[in-house]
Structures are given as structure tokens and as C-alpha cells.
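What Swiss-Prot records for this protein:
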BINDING   Asp31, Asp33, Asp124  Mg(2+) binding site
BINDING   Asp33, Asn54, Val55, Arg56, Asp57, Gly58, Arg62, Arg77, Arg85, Lys101  substrate binding site
Amino acid sequence: MSNTAYIDTCYGPVADDVIQRAANIRLLICDVDGVMSDGLIYMGNQGEELKAFNVRDGYGIRCLITSDIDVAIITGRRAKLLEDRANTLGITHLYQGQSDKLVAYHELLATLQCQPEQVAYIGDDLIDWPVMAQVGLSVAVADAHPLLLPKAHYVTRIKGGRGAVREVCDLILLAQDKLEGATGLSI
């Protein structure tokens with residue numbers, strides 16, 4: 001039997017170790033496809049790429065930013081619509097077209113003067129693991145690649161693109177006693 005202690009949250013029980021890790025977070029890094037979106041790529045008649053983003057995720061991101069917790073995006077793909085979404089949310093650290101996400105990660109650490117234990121990363125696939133292995137709180141979305149799930153410190157109860165980012169934002173805010181007073185913007 002495990003000696004792990006759990007804290008009750010609105011998302012269900014969360015291991016005390018995860019709450020302790022979340023209490024130290026100053027930066028949340030998000031992947032996009034499969035995390036901020038459902039992983040599907042919609043193509044318009046003119047070849048334009050379309051994605052759906054969850055408003056709850058956006059609100060959670062705004063709550064983090066207004067609580068002085070930085071948010072960054074590191075993604076392997078490039079899309080103009082992602083620049084627009086990042087601007088809408090107030091995310092100023094956007095790294096697109098990153099086949100090696102560690103390069104952007106190390107740049108963020110230097111720019112924001114963060115230690116690895118102050119960083120949370122939420123991903124869904126094997127390309128995310130090199131960064132996840134180095135951060136203080138590694139998170140996999142509920143429908144992440146099966147090999148990623150057992151490696152993460154925390155697995156969301158909600159699937160990518162369906163509010164998983166909001167779940168992580170709430171967890172960080174809860175751990176830092178900022179959830180009750182957190183407010184974002186209507187987005």
C-alpha cells in the first residue's frame with residue numbers, strides 16, 4: 001500500500017507531492033497540438049489551418065498571468081492563428097517550429113531567470129518528454145501518448161483541448177493559495 005498523501009481538489013484527489021511542486025511554479029510552458037487544442041488540424045478551402053481553442057483554458061492562462069505567473073508556448077508547428085491566440089491571451093513567450101524544444105526551454109530559463117523546479121510543462125507526446133524530464137512539475141494530458149503518462153508527475157483528468165490547461169492552471173493557483181481570488185479576462 002502506498003504512503004502517498006492526497007489533497008482533495010475540485011478535479012479530484014491530487015498527490016501532496018504534486019501540490020508541493022505546483023506551489024513553486026513561476027512559469028507554465030504549454031505545448032499546443034493535443035494540449036491547447038484537441039490535436040486535430042482543420043484545413044479550410046484555401047489551405048488555411050484552423051484550430052479550436054478552449055475558452056476555459058484561455059481563462060486559466062489569463063488567471064495565471066494576472067497572478068504574476070508567466071506562461072509560454074513551445075510548439076513544433078508554425079501557425080499564424082497561434083500568434084493571434086497568444087496575443088489575445090497576453091502570452092509574450094511564443095516559440096514555434098521547435099523540433100528540439102530544449103533549446104527554447106533553456107532560453108526561457110535564462111530570459112525569465114527561472115530555476116527548473118520553478119517550471120511546469122504540459123505536453124501530450126514524446127517530443128515533449130525531454131523538457132518534461134527537466135522541470136519541477138511535468139504534466140501529461142489525459143489522452144497523451146501512453147508512454148508519456150507514467151513518466152509525468154501529474155496526469156490531467158481532462159483531455160487536451162477540452163480544459164486540461166485550465167485544470168493545471170487551477171492546480172498551480174490552488175497550491176499557491178491564489179485560486180479563490182484569481183481573475184482573468186473575458187476571452
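Keep in mind that glycine also has a Cβ here, set from the backbone N, Cα and C atoms.
Everything Swiss-Prot records as a feature, shown here on the structure.
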residue : record                 : Cβ contacts under 8 Å, 6 or more apart
Asp31   : Mg(2+) binding site    : Ile73, Ile74, Thr75, Tyr121, Ile122, Gly123, Asp124, Asp125, Asp128
Asp33   : Mg(2+) binding site    : Gly39, Ile41, Lys51, Thr75, Gly76, Arg77, Asp124
Asp57   : substrate binding site : Met36, Gly161, Gly163, Ala164, Val165, Arg166, Cys169
Arg85   : substrate binding site : Met36, Phe53, Gly58
Conformational class of Arg62 (substrate binding site) under the three-state DSSP mapping: helix
Binding-site residues (Val55, Arg62, Asp124), the one with most neighbouring Cβ atoms at 10 Å: Asp124
Largest inter-residue Cα distance among Asp33, Asn54, Val55, Arg56, Asp57, Gly58, Arg62, Arg77, Arg85, Lys101 [record-listed substrate binders, Å]: 26
Additional residues around Mg(2+), ordered along the sequence, whose Cβ is within 8 Å of the centroid of Asp31, Asp33, Asp124: Val32, Gly34, Val35, Met36, Ser37, Gly39, Thr75, Gly123, Asp125, Asp128, Val141, Gly160
